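Novice: Checked Swiss-Prot, it gives:
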type     : residues                                            : note
BINDING  : LYS27, GLY101, ARG130, GLN177, ARG357, ARG399       : phosphoenolpyruvate binding site
BINDING  : LYS27, SER28, ARG32, SER175, GLN177, ASP326, LYS353 : 3-phosphoshikimate binding site
ACT_SITE : ASP326                                              : active site, proton acceptor
Amino acid sequence: MSGSNGSPRDLKAGGSLRGRVRVPGDKSISHRALLFGAIAEGTTTIEGLLPAEDPISTAACLRSMGTTISPIQSGEIVTIEGVGLDGLEEPSEILDCGNSGTTMRLMLGLLAGREGRHFVLTGDSSLRRRPMNRVGQPLSLLGANVRGRDHGNLAPLAVQGQRLRGAVVGTPVASAQVKSAILLAALTAEGSTSVIEPAHSRDHSERMLRAFGADLEVGGEMGRHILVRPGATLKGQHVVVPGDISSAAFWLVAGALVPGATITVENVGLNPTRTGILEVLEMMGASIEVLNRRDVAGEPVGDLQVSHGPLKAFQFGEEIMPRLVDEVPILSVAACFCDGESRISGAAELRVKETDRLAVMARQLKAMGADIDEHPDGLTIRGGHSLKGAELDSETDHRVAMSLAVAGLMAEGDSRITRSEAAAVSYPTFWDDLERLRR
């Protein structure tokens with residue numbers, strides 16, 4: 001399987017997949033461990049941190065504000081010397097968030113309450129097109145001052161640190177990024193802050209903030225109401241990052257689709273706010289077993305074993321979307337090989353990811369001959385037709401690149417994928433792992 005950075009990668013169709021694989025550390029948890037470690041007192045050590053572009057962007061921003069963070073390398077424990085809750089310095093340079101929406105959105109919350117300090121955040125051309133008002137607007141209820149293009153919606157963004165005051169904030173969407181930005185800002189506010197979500201989003205921030213010593217309560221129906229009381233000192237911790245279920249999803253779907261396949265994905269985070277993918281695979285009739293369930297540093301973890309079998313069409317919508325939003329691209333590939341018509345709805349959020357993922361997946365799968373209709377909030381896919389090898393393009397999106405790799409395995413005839421290196425944003429060793437499992 002050829003393809004170096006910038007050159008098209010050949011995807012050979014056919015063959016099977018067998019073996020064990022360990023996916024990189026969870027991206028969401030990696031970002032949060034870096035951010036909370038930076039504003040804690042004392043040393044934080046992180047085991048299993050994802051050594052990919054997005055967390056590296058978060059670390060670079062924190063270093064620019066005076067935080068000492070050891071190099072981020074595969075297999076190495078990362079050490080952070082915390083500067084305390086109000087110890088971040090005004091940087092002398094613009095903070096570059098790269099391609100990482102999580103970095104930019106969480107930084108807005110982290111920096112909003114740094115009174116008297118000024119910060120400018122930017123990112124690559126894709127990130128500069130992504131909406132930031134969904135964070136800036138709720139933060140303004142606490143007194144934050146965020147300015148930028150399109151009335152503060154588009155980067156570059158300027159944050160003028162303010163004295164914040166606690167508030168009751170209802171978030172417009174069930175987004176862990178929005179919620180986490182408000183929680184970070186609330187740590188430096190005067191008075192308590194309550195965050196109320198329309199639906200329960202991933203809860204890594206709440207779990208980890210409590211482990212670091214924040215005064216935080218979770219209540220309401222399904223944990224949709226979070227209360228933060230400022231004033232508690234965060235203390236450095238040892239954080240163990242489990243494997244990212246969003247990266248495991250590619251192997252789970254591939255194992256279910258590819259004839260003769262049996263794959264075990266080891267050490268996967270099974271936080272219940274992230275396991276929507278397992279429910280949809282179950283709905284499809286996929287053969288998946290959870291082995292060796294355990295708890296690691298406050299997060300449920302297990303090994304997932306998947307094997308090939310016949311799959312039936314599925315439907316899901318907004319009720320489950322916060323728990324599998326990143327898995328929609330690979331599930332759209334799965335739908336092409338299910339018996340019947342599958343429908344994904346409530347997924348309008350995907351139009352403002354690294355790319356418009358609904359449009360990109362529809363475009364790329366149609367190039368392979370898929371029977372697929374695009375809707376404002378989702379996709380309808382009629383399965384049971386063969387896909388044909390084609391010239392494909394990730395359109396710079398990491399999840400699209402890896403989803404198309406799985407489609408390419410199942411196609412009749414070989415494919416080529418342009419910009420396959422995008423996978424490195426969340427899974428730097430994806431193509432190597434694919435080669436190994438094919439042997």
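Just so you know, glycine gets a Cβ as well, placed from its N, Cα and C.
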Novice: So the record assigns LYS27, SER28, ARG32, SER175, GLN177, ASP326, LYS353 to 3-phosphoshikimate. If I measure every Cα pair among those residues, what is the longest distance in angstrom, as a whole number?
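Specialist: This binding site's residues have a maximal Cα-Cα distance of 19 Å.
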Novice: Cβ distance under 8 Å to SER175 (3-phosphoshikimate binding site), same chain, sequence separation 6 or more: which residues?
Specialist: ARG134, SER201, PRO322, GLU349
Novice: Counting Cβ neighbours within 10 Å across all chains shown, tell me which of the binding-site residues SER28, GLN177 comes out on top.
Specialist: SER28
Novice: Just checking: which of SER28, ARG32, ASP326 have a Cα that is within 10 Å of the Cα of GLY101 (phosphoenolpyruvate binding site), counting only these binding-site residues?
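Specialist: Hits: none.
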Novice: For ARG399 (phosphoenolpyruvate binding site), write down the residues of its own chain that are at least 6 apart in sequence and whose Cβ falls under 8 Å from its Cβ; none is a fine answer.
Specialist: SER246, ASP326, PRO329, ILE330, LYS353, GLU354, ARG357, SER426
Novice: Which three-state DSSP class does ARG399 (phosphoenolpyruvate binding site) fall into?
Specialist: helix
Novice: May I ask for the distance between SER28 (3-phosphoshikimate binding site) and GLN177 (phosphoenolpyruvate binding site), taken between their Cα atoms and rounded to an integer number of Å?
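Specialist: Per the Cα atoms, SER28 (3-phosphoshikimate binding site) and GLN177 (phosphoenolpyruvate binding site) stand 9 Å apart.
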Novice: What's the CA-CA gap between ARG130 (phosphoenolpyruvate binding site) and ARG32 (3-phosphoshikimate binding site) in angstrom, rounded?
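Specialist: On Cα coordinates alone, these residues lie 21 Å apart.
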